[in-house]
Amino acid sequence: MNKTIIINNVSKYIKFKNYYSSSSTILKKKTSEIYKIKGLDIKDRKELYSLNNDSIKKKLNQLKDETNQLLKERGEELMKDLSKTLNLTSDNLKYNITKSPFTLRAYLLAANQGISFYHHELRKQINPTDDYERQKRKDLVYKLQSQEIDSLTSGGANKKKSPFLEDNNNKKSMSIEREMEIIREQQQEQQHFDQQMSNSTKWEMSQLEIQPRIDTFRQDELFVSFNPYESMSTNSQSYQLVSRLSKFVWNKELTNWEMFSSSKLNQLIPQLQLHILDKINLNNDNDNDNSIIINQFLESIKFISNEINSTDLNIFKTLNSSNNNNNSSENIIEVENGGDFKKIINNSIVDSLIYMKGHHFRITSDPFILFFQQLKENQDYFTSNEDYKQFLEKLLDTLLFETIEFDPTSTTTINGNRQFEYKLKLDLLQREAFRQFKVYQVFNTSPDAKRHEESDLRKLAHLCKTLQKRSTSDFIQESKKYLSPQILSNGLLNSNKLLVATSSSNELNQSKTSISISQLTDGLHSCIPATMSLLEFSIKNSSKDNILFDTFDGKLKNINSLDDLITKFANSKYIYLRESLSQRFSMFIQSSNNTTDNNTTTDTNDNDIIIGLNNPIYKLLIDLEDKVLELSQNNFEENPIENWIGCLSIELGDEDDNIEYKDTDQFNVIASQNFNLVRINNQMLAQLHKTFSEDLDFQIEELELMIKNKKILEREIKAHNEKISKIIKDSRDSTTPTFYFIGIQDDQVYTLEIPNEWEPVWNLLKSYPNGLLLKDFIDKQTFVTKEAFLSTLTDLNKYGVVGLFPKN
């Protein structure tokens, strides 16, 4: 009988019998894997309200002690299991689940429901490039224009045709007039496309910014975003998790009012989790603090309970009061007392109104109606506020009181699929629905939207039927057939095993299936373009005869392209650090030589170690580009008064304008605030940065245009690459300390090498923030002649490093 309970059928028993000799050992193994986390030792909220502060304190401390005991005994094991389930690193989990017993409970509830984290930068964000029909039209125009150029270069010897549009049945080719019309249409489309792209999600200052902002949060999303730009201390991971646990309300005829009121309900428990439950940390040495915390805890739960059952009249009243004080919940970051929490909830009514205005059109669009019809009513969503309120009451009690069991080996299924698999498939459908909505209802980049939209809807409908009637593997294969690879790039590293093609033998190709390498590459190019160009050139050109990496044969093992290297980075633990993208990549490069990523969410082995990237030149170049990016950002946000020196200083140009020493008592000199003097242990860094900041592909294209002889062209390209390779080798071998002025003037970033003797000179000038007489400044230095020093100052003035002002 025990076997029947533990193992559902004989085939499963045979499978497990090889590992366990008896049902009792099976039971023991199964039980040891289950985590049981008790809630507050209180029956319900009614009993909670009847307790005094001392009793509540005792119950909270009991919960804290029991949770800490579990973490002490099985914490490492638990974090490992949760890491795989939630797609987070152990370090991230450790910080979050140890904040409060209620935080751990929220994470476990989410894990039980198959909720996982996708990486913000690795999940392909929808933008106008996802209009696939537009790309086909662009390709057509490119062919037409190429054919036109070929016709002109051939001297008109061949009659203008469109052979690629003719078939074997001798159908009429496209007329010249029609070809020109297509080109004009494409030019108009391009203008509209560029405008839409400027307002869409893109990389800004090394961060992937979701635009418009309303798209950053959707209550009906199935998974949670891990955003590395969010500081650890203020991150809202548990808030997002509880938002997913809170579900949502939807029906085909959902009114504005229904959506608004349900959106308000949706945010109640997540706000309680973020501002109250996550911060329950009693200080046993301070009764006053504990009293405040307990009162806040109790009053907030009472307030949330009342809000769940709030009447329409109360909502009208709150709306009217918000009209006179137009705030959102984001304006209050820290909760100091129960009153502040009530303000957050009351102000969130503004957020709910904004949410309804931004999303009602989306959730009632055809693609989303089709998608929502695949969800399970009263399980994935609710059709009425009345049912939804009952669900929220139950969720609140579960978070507070119920024992939560987490079994990482659980086979609890929905329609034969594990919870995560079920959500993964729904997520792919939802991503495609969102793409169709954005392309056809928002971007409007298609001139024949109706026809293409109907075609795409049929594909989505087919996949919906496949979801209901076919296995997971069949669904994935059909998804690969009907969906773009960009849609499969869901940012869920723990979905690779489900998404990879069974016929694929390339491990790197498999590891990039669920992540958008192109999007991450764009991000790296946006912040460290020279480093990316250096690595790409080195990977292509390094060999045993031209060693550009620190390996015997000049090659990086299993790295044949820049994409391969970035894929390794995307699958490492460094992608999850809360640092800038450039610094995460820098740490990955530095540690790849001697560290195996044992703390990743994916399996690791010896192939994760990249030998040959241990040269410090990469870190130096990345740090330099970081400085350039910082200067560019400061310049973009510039307050005019901050750069008054560059704006008001005289600028010496021709030699006739140069100042002679005898005239130096007529000028004041002052150091620019836009430049810093930096010491770097590499005298080749500036030249390396300059070389790889240029477009190397364009340089090759110029050679191809100028040189028609194939042998001469190959010789020139070889010489060109050898010259660049020498710069790389020289920079890799250089360790000479060198000083550089790094700064920005007239929107141009400059990296200027300067003699080492300038360090005390610059420090002297900086010690006079209001400037000093040019003659006095020159007289204070002795390492070169006054004329040579003045000449250097003149050059620095041209770049804006120092300001010169005629003395009144």
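In case you wondered, yes, glycine gets a Cβ from its N, Cα and C as well.
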May I ask you to indicate which of 43-78, 187-222 is given in Swiss-Prot as coiled coil? 43-78
Kindly point out the range from 152-171, 592-611 that Swiss-Prot annotates with region 'Disordered'. 152-171
Would you please say which range out of 294-333, 374-413, 454-493, 694-733 has the annotation coiled coil in Swiss-Prot? 694-733
Tell me, roughly as an integer, the mean pLDDT over the coiled coil (43-78). 94
